[in-house]
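Written below as structure tokens is the structure these notes are about.
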Amino acid sequence: MTIAIFPSKLELSTTAAQFAAVFRLPLLNELPDNPNLILHLTENYLELRDFTSKEKGVYVDFVGGRLGYRRQHGGGKNQPLGRAVGLKKGILPRIVDATAGLGRDAFILACLGCQVTMVERSPVIAALLYDGLKRARQNTEIIDIIENISLIHQEACAYLTSLGAEEKPDIIYLDPMYPHRDKSALVKKEMRIFRHLVGNDDDADDLLQTALMVAKQRVVVKRPRHAVFLANKQPTVSIESPNTRFDVYVVTI
Ligand SMILES: C[S@@+](CC[C@H](N)C(=O)[O-])C[C@H]1O[C@@H](n2cnc3c(N)ncnc32)[C@H](O)[C@@H]1O
């Protein structure tokens, strides 16, 4: 699905053109008659917005909102995600988040001290992440956390198989889209937009197989609590939270 970028004012045209060039997105100089999903560049952020609805746009916010709250009041290393990646005192693994999405899990892992490389194949989502990181770097409170996060805009299997022995991460984290049947309004706006944009990540089984060959210590897969295992592969252990399950595959080299 092709999404174009549109600057909200003339002064933002150069920045919009840069985004269009880097992420190979079409650039609009004016809103079309029937605008649907558009990457809308405002003075404050880059947002993915459905102009046919009154809902606010989706953008990456590492500073405030849910992530800001989580940073200040989050559960530390003992939260299920921290346990799933095996954080212990003095052990801070290098992680590739191969399905970065809006970067929430990556940010939480970076808050716990990990060095995280986010990999995202959707140009639209990668552009949102790039914009979120750029803004977050200007915030002195979280600059130390943001310095531990990098972004690669590439398909993850291609990225992982390109890594040399020295570059292989300790942990690969996967959170592919899960094919929900629920089409109700209860499905969050963000999820609806995501599904529209990136589909169901039907190649997630292959991504797990690749990740298992590349990770030095473990692969962690986030799934809805009652979902089947990815690739029907039994994990070494699963860590459950009320709605989510983290399937941990310990890799023996
Ligand atoms: C459910 S979202 C991940 C949400 C993320 N964990 C977060 O905390 O915001 C899945 C994302 O993974 C990306 N993705 C899925 N398979 C991928 C692959 N093989 N390579 C790169 N990105 C992939 C999709 O484009 C989508 O943005």
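Backbone N, Cα and C define each Cβ position, glycine as well.
Taking Cβ-Cβ distances under 8 Å and a sequence gap of 6 or more within the same chain, the neighbours of Arg104 (S-adenosyl-L-methionine binding site) are Arg66, Leu67. When secondary structure is read from DSSP and collapsed to three states, Arg104 (S-adenosyl-L-methionine binding site) falls in the helix class. Marked as S-adenosyl-L-methionine binding site by TrEMBL: Arg104, Asp105, Glu120, Arg121, Asp175.
Every protein chain shown contributes to the tally, and the Cβ of Asp105 (S-adenosyl-L-methionine binding site) ends up with 22 other Cβ atoms within 10 Å. Under the DSSP three-state reduction, Glu120 (S-adenosyl-L-methionine binding site) is assigned to strand. Cβ neighbours of Arg121 (S-adenosyl-L-methionine binding site) (same chain, under 8 Å, six or more residues apart in sequence): His153, Gln154, Glu155, Ala156.
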